[in-house]
Amino acid sequence: MSKHKPRHFQKNKFDNRAKTSAKQQFRQVKTGVKDGVFVYKGPLTVSEFCLKTNIPTANIIKHFFLNGVPLTLNSVLSTEQLADACVNFGFDFKVETEITHDNIISNIKFDDDPTQLSPRPPIVTIMGHVDHGKTSLLDAIRQTNTAAKEFGGITQKIGAYQVKNQEGKTITFIDTPGHEAFTGMRARGAQVTDIVVLVVAGDDGLKQQTEEAISHAKSAKTPIIVFINKMDKPTANPDMVIQQLNKFDLVPEEWGGDTIFVKGSALTKEGIQELLDSILLVAEVEDYKANFNAHSSGYAIEVQTTKGLGPTATIIVKRGTLKIGDIVVLGPAWGKVRTMQDENGVHLQEAMPSKPVQISGFDIVPVAGEKFIVFDDEKDAKLIANKFREQQKQKLNTTQINEELKQKIKSKEIKVLNLIFKVDSDGSLAAIKQAMQSIDVPGMSVNIIHSGVGLISENDIMLAKASGALLFSLNLGLSQVVKNIASLQGVKVDVHYHIPKLAEEIENILKGQLEPVYEDVELGRAEVLQLWYHSKVGHIAGTLVKTGKVKRGALCKLLRRNETIYEGRVDSLKSEKNPVNQMEAGKNCGIVINGCEDIQVCDIILVYEKQEVKSKS
């Protein structure tokens, strides 16, 4: 069907949406005293403060000295110390934020007239204890969706989806269950979720993660609906669950409280429609609205590199209408929206508030959890994104460790291993971070100074060199150009395809503070005789194994005229369309190398494995 084919829409020349102009948002703050009020935008030195207020420097230094804080003329006063000084010397004070290209994303404000607002669908996150049925509930809800059935039930995982209840009203679900994702978004200031559905197994009751989920939802002041799951089991005891939740002020309406409880089963789909109706009831009470007729803004919930599209992001629109051709800034990335599709794979021309869509057109991979804003000027958008990148680098170059850890480092009680990870997906990144938290080596710690989705770049190598960090790549190949830069800068890049092995290597390094030495042991070589291309797997090389053997999953190098062009892994190995584990010399086989786009007839695929070189004792 044509609706599933990518289309590049023309921008509507009669676009009447309210524009977002960066220049109109900019604000300068003039530090000084006006009408008895000292206005400032941030920390000042003692000398600067005295100059702006005409207070003698001796008086300021004496004031803080008597309070146990010795200062000099060049000492920097924090915003709290400035407030203290103002109160002591008879000034009112006011802290104002100066808005520039550097901080406009986090400080931009939209003053929409209430008459411009219209109801929007609620955005819901499922939370609860592991094994209580969060994922099963999401699947059950998805299967009730009439919109998906219109397209043959074909859906793709973009991180969020929409469903309709029996009356045709829409709800948006974030398809990343768990409070870790919820809290991670909030840590970046992203209040995406409107309603939390707390899943509790009726046969198991409250667990630690249930309590954590409640704390996170209450901290965000997000309404909670309780879904008591697994009611199809004979051991289910909903009254027990209700009593346990009472101490968290989650009391059902029939018990005199104001929390909605729904009893059901994700397995049998009992209670699903009641849950959807309850969500819409809360949404009606909370009155979620947005301005539809404005340049769009919202948040990214998933980012990745998608074959054929490049850097993509799944975003949820919170304000305005996003359209093809819009100029978007998303964290360090910017670009014009090139394609837009929903969870059913349908290519769209626009997305309205609460709508989740996957969009492409970015210059680099964005950052999940960051805010996106549509601007009317391409130059401003590019400058804002570049400023974000500069700030990231500054943060990365400042190792942020808690004070206790700093003291231990200074006293040489502890050593810190700086790490940089570049991976294939957000899921891999989360798994790596969890693996790092589980490493426990007395006297040692790991510090992830940078991590991201996408191939290793020259910037990653320069950061590794400047910080003395170890640089790791997971499930991604490595171009020869980047490898040459790393070699030139004296930076070692480790490519891994298994998280447990990566974690084991880092743990061994921590234990001995010695990097293991590996050597490449050749297994075999295959010559590329012909090429095919498949939309799902990329380039397929028809080869003849010339020496040794080729193994599926093995590391490999692509050689052209004896020069290494690419390093990766044998993702697929087939003999006459049948998957095989290995092929010996003299045999023909089809080979797919992960991430390799530049492959030619007569190239040589060198297959090898790494073996640790034992140190001489």
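Any Cβ shown, glycine's included, is placed from N, Cα and C.
The GTP binding site annotation in Swiss-Prot covers 128-135, 175-179, 229-232 and is backed by similarity to another entry. Met231 (GTP binding site) falls within neither a helix nor a strand when secondary structure is assigned with DSSP, and so counts as coil. Cβ neighbours within 10 Å of Met231 (GTP binding site), excluding its own Cβ and spanning all shown chains: 21.
The compositional bias 'Basic residues' annotation in Swiss-Prot covers 1-11.
Taken from Swiss-Prot, the feature domain 'tr-type G' applies to 119-288.
Look at Swiss-Prot and you will find 1-25 tagged as region 'Disordered'.
Taken from Swiss-Prot, the feature region 'G1' covers 128-135, and the record attributes it to similarity to another entry. Sequence-distant contacts of the region 'G1' (128-135) (same chain, six or more residues past either end, CB-CB distance under 8 Å): 177-178, 198-201, 204, 206-210, 213, 229-230, 266.
Swiss-Prot lists 153-157 with the feature region 'G2', giving similarity to another entry as the kind of evidence.
The feature region 'G3' is assigned by Swiss-Prot to 175-178.
Outside the region 'G4' (229-232) by six or more residues, the chain places 132-133, 136-137, 199-204, 238, 263-268, 270-271 with a CB less than 8 A from a CB of the stretch. Residues annotated as region 'G4' in Swiss-Prot, with similarity to another entry given as evidence: 229-232.
Taking the region 'G4' (229-232) as a whole, pLDDT averages 94 in the prediction.
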